[in-house]
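According to TrEMBL, the features are:
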type	residues	note
BINDING	Glu46, Ile374, His424	Mg(2+) binding site
BINDING	Cys65, Cys68, Cys418	Ni(2+) binding site
BINDING	Cys68, Cys421	Fe cation binding site
Amino acid sequence: MKNVYLPITVDHIARVEGKGGVEIVVGDDGVKEVKLNIIEGPRFFEAITLGKKLDEALAIYPRICSFCSAAHKLTAVEAAEKAIGFTPREEIQALREVLYIGDMIESHALHLYLLVLPDYLGYSGPLHMIDEYKKEMSIALDLKNLGSWMMDELGSRAIHQENAVLGGFGKLPDKSVLENMKRRLKEALPKAEYTFELFTKLEQYEEVEGPITHIAVKPRNGVYGIYGDYLKASDGNEFPSEEYREHIKEFVVEHSFAKHSHYHGKPFMVGAISRLVNNADTLYGRAKELYESYKDLLRSTNPFANNLAQALELVYFTERAIDLIDEALAKWPIRPRDEVALKDGFGVSTTEAPRGVLVYALKVENGRVSYADIITPTAFNLAMMEQHVRMMAEKHYNDDPEKLKLLAEMVVRAYDPCISCSVHVARL
């Protein structure tokens with residue numbers, strides 16, 4: 001008689017962006033199958049923008065995601081500027097990075113405090129923590145609001161920032177706004193450091209320890225950050241961003257609306273821990289000191305280290321934004337925008353979104369988008385994420401099913417997935 005194996009199923013993974021589930025099939029002798037079921041409907045953003053005027057397309061791309069719309073906007077703008085052969089001035093690039101850092105601060109704060117921390121403190125969600133953990137919830141909202149305000153001031157709104165345009169910015173805030181931003185960032189530094197110290201105390205589950213290939217953007221100008229023109233892998237390989245398709249292959253899996261990705265035939269990881277694995281030598285300031293003190297916890301072999309890596313980045317990017325504002329203020333007043341000529345061309349931008357490497361490739365012909373390829377961090381991570389859920393399941397399949405479900409969800413949450421981003425793809 002053929003054995004029938006009933007799956008252990010999480011229909012909807014809580015506290016992640018988007019809709020996804022986990023299915024673990026357990027037999028008499030262990031785990032038979034693990035699937036991350038990404039059930040968020042495909043949204044066809046690349047196809048939607050084909051034939052659109054370039055500025056119209058650049059207004060559409062950030063709608064892929066409200067969590068990381070600044071990341072999509074700024075990466076798309078850089079890809080478009082590369083395609084038409086335009087390079088922004090240094091002070092414009094500095095302020096764009098400050099805008100991007102606002103996204104990083106908001107996203108990391110929300111993920112760490114509201115999505116991850118409840119698991120470790122035994123709560124089903126952040127609202128139940130308010131009475132006992134007022135300080136932590138206050139810090140979470142303070143950091144979130146700081147990042148949101150930064151995006152509002154520099155991007156014209158907190159979500160889907162229209163102020164980042166070809167050639168620079170539509171307009172720039174007053175000098176006093178940047179001075180106030182610098183002051184608020186300085187006030188946020190102790191809160192960022194408190195967050196890091198808090199997350200050094202949380203468990204990193206050994207059940208998922210093992211070799212991981214990490215890929216990150218090699219930072220431009222040798223300073224830990226967001227922009228770069230090369231991708232760097234932890235196996236020692238480096239390659240120009242334009243060659244991403246030669247090294248990373250996407251493929252369809254039948255149980256997911258999002259494609260999976262392999263690097264040279266194997267799963268890999270992107271994200272905060274991947275940035276540290278590849279680029280920790282480019283850190284500076286207080287974050288560098290904390291990294292040296294706690295690098296044994298920032299292990300390249302454990303996806304749960306991604307949470308602590310994000311906490312370290314809260315410290316780093318808060319300091320970095322202060323320095324970038326100083327760079328811009330030193331050249332004040334700044335002309336917000338330069339004229340651009342819409343030449344035909346092809347451009348690739350690779351940046352570090354909060355969740356990892358984000359790729360935009362755009363071809364421009366006659367002022368319109370004729371080709372678009374976008375790969376998001378979660379699409380890069382899904383194959384590795386599924387492998388780590390399986391590793392956790394193989395250690396706990398004999399435990400109470402509810403415990404296994406929670407541990408499987410915690411693995412997924414450690415990656416900080418953005419499922420809406422991962423299902424945008426279409427090929428016509």
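Cβ from N, Cα, C; glycine included.
Unlike curated records, TrEMBL annotations are generated automatically.
Under the three-state DSSP scheme, Glu46 (Mg(2+) binding site) falls in the helix class. A straight line from the CA of Ile374 (Mg(2+) binding site) to the CA of Cys65 (Ni(2+) binding site) spans 13 Å. Here the Cβ of Cys68 (Ni(2+) binding site) has 26 other Cβ atoms within 10 Å, regardless of which shown protein chain they belong to. Geometry remark: Glu46 (Mg(2+) binding site) versus Cys418 (Ni(2+) binding site), CA distance 17 Å. In this structure, the binding-site residues under consideration are Cys65, Ile374, Cys418, and the one with the smallest number of other Cβ atoms within 10 Å of its Cβ is Ile374. For Glu46 (Mg(2+) binding site), other Cβ atoms within 10 Å of its Cβ number 24.
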